[in-house]
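K.L.:
Not my notes, these are from Swiss-Prot:
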- 20-42: transmembrane segment (TRANSMEM)
- 61-81: transmembrane segment (TRANSMEM)
- 94-113: transmembrane segment (TRANSMEM)
- 117-139: transmembrane segment (TRANSMEM)
- 148-168: transmembrane segment (TRANSMEM)
- 195-215: transmembrane segment (TRANSMEM)
- 225-245: transmembrane segment (TRANSMEM)
- 285-304: transmembrane segment (TRANSMEM)
- 308-330: transmembrane segment (TRANSMEM)
- 351-371: transmembrane segment (TRANSMEM)
- 394-414: transmembrane segment (TRANSMEM)
- 436-456: transmembrane segment (TRANSMEM)
Amino acid sequence: MLKILIPTLMLFPTIWLSPAKWLWTTSIAQSLIIALASLSWLKWSSETGWSSSNLYLATDPLSTPLLVLTCWLLPLMILASQSHLSPEPLNRQRAYISLLVSLQTFLVLAFGATEIIMFYVMFEATLLPTLIIITRWGNQTERLNAGTYFLFYTLAGSLPLLVALLLMQNDNGTLSMFTLQYTQPLHLLTWGDKLWWAACLLAFLVKMPLYGVHLWLPKAHVEAPIAGSMILAAVLLKLGGYGMMRMMVMLDPLTKELAYPFIVLALWGIIMTGSICLRQTDLKSLIAYSSVGHMGLVAGGILIQTPWGFTGAIILMIAHGLASSALFCLANTSYERTHSRTMLLARGMQMILPLMTTWWFVASLANLALPPLPNLMGELMIITSMFNWSYWTLILTGLGTLITASYSLYLFLMTQRGPLPSHIIALEPTHTREHLLIILHLIPIVLLILKPELMWGWCF
């Protein structure tokens, strides 16, 4: 763990001491080396699945894929932000990259923590850099409104979690993840244990987000700069799923009855957010709402607590992280050229930027879960385990899949096909940097087809 954390912390002096000419090159190079070093986590040798580096930090098959995804995303975020930040003064550029690095540090500590309180502290700490990135470097003035939504939704959800964790610490005397799976849920009064169960999961359901507490997500996504959108879609939403999977182990047998309304809400959310996507005119908003739908499927897979559901959830989290991040990067390349997020104003891009259209096509297919891609593997496992739990879920999940395919194709056709608008006369050509950025998103998705057991989590 330290072989990643120490180089990550050493990125701060790199950023603040390197000369202006080499700032972006050195920070991208060093973060890419860290990302490649993080791949060494993917070999497991111990019998328990935990490979512990010290008392406070350890990795297991559930956290490793998410840790690698976090490290992989930092160089991509820095790559994506380069042209967006070039007009800014040098020290602001340095501050921006420093915020991204601090965010990665908190995320690595959150996914690697063995104490739940440490996980909680890091879970909350990720809020701060994200909030500064959205409210300082966002595009429109609504970014302050989006930041307020983001802050209050997240804090209101996670305060009950803190109370629940302190109650548990008081009862058990420990909050270590190694021992908590063997403990009993708290024996409280009639309503006490139900409230305790809800408090344990509410913070994560808001973070995922579950349909109904999702209103902060489209706002935050639309207003955030490109790096903010990427890390939000790819990793911060996955903190919710990861936290739920960690807490689920100790909430039995309460979850058996109490999870019903949440599963129904998650499945209903897939259809509702899909229908919203079909009506969207705003490019980033469409991708943000599609994230809510996918994470609803993940929430359902985790809440029914079967091995297939858990495995499908973690596969879908990883695959969705890469695919939606790629879509946000593509939306950003279009925004940097046309200065508009409205899809009608940026049609017919296939005529001008044909290679970009190829990337749009592949990313849209990854989003709609094309057969060999891991997105489909995750969705199928969750849908199958839900079907085993209740036949009726097939209607909702099947309809959700159909709508997902519809809006993904709608997204592709609206941006790439059709007549060229008259106001698009001279567009700047694409850069190698942008192609590299998208390739580095899509290559892992394609390679994971060949070795999916890297992200099967606990249950293989």
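Cβ coordinates are placed from backbone N, Cα and C, and glycine is handled just like the others.
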K.L.:
Considering pairs 6 or more residues apart, do the transmembrane segment (225-245) and the transmembrane segment (351-371) have at least three CB pairs under 8 Å?
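P.N.:
Since fewer than 3 Cβ pairs under 8 Å link them, the transmembrane segment (225-245) and the transmembrane segment (351-371) do not come into contact.
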K.L.:
Which sequence positions outside the transmembrane segment (351-371), separated from its termini by at least 6 residues, show Cβ-Cβ distances below 8 Å to it?
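P.N.:
For the transmembrane segment (351-371), the nonlocal Cβ contacts are 290, 319, 322-324, 326-327, 330, 333, 379, 401, 404-405, 408-409, 411-412, 415-416, 420, 424, 427, 429-430, 434-435, 438-439, 441-442, 445.
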K.L.:
Residues of the same chain, at least six outside the transmembrane segment (20-42), with any C-beta under 8 angstroms of its C-beta?
P.N.:
3-4, 7-8, 10-11, 14, 51, 59, 64, 67-68, 71-72, 74-75, 78-79, 82, 90, 93-94, 97, 101, 454
K.L.:
Would you say the transmembrane segment (436-456) and the transmembrane segment (61-81) are touching, if the rule is that at least three C-beta pairs must lie under 8 angstroms and be 6 or more residues apart?
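P.N.:
Touching, yes - the transmembrane segment (61-81) and the transmembrane segment (436-456) meet the threshold of 3 or more Cβ pairs under 8 Å.
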K.L.:
Counting Cβ pairs under 8 Å that are 6 or more apart in sequence, does the total for the transmembrane segment (394-414) and the transmembrane segment (285-304) reach three or more?
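P.N.:
Touching, yes - the transmembrane segment (394-414) and the transmembrane segment (285-304) meet the threshold of 3 or more Cβ pairs under 8 Å.
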K.L.:
Apart from its near flanks, which chain residues at least 6 from the ends of the transmembrane segment (148-168) lie with a Cβ under 8 angstroms of it?
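P.N.:
Sequence-remote neighbours of the transmembrane segment (148-168) are 116-117, 120, 123-124, 127, 130-131, 134, 175, 180, 186, 196, 198-200, 202-207, 209, 213, 215-216, 219-220, 250.
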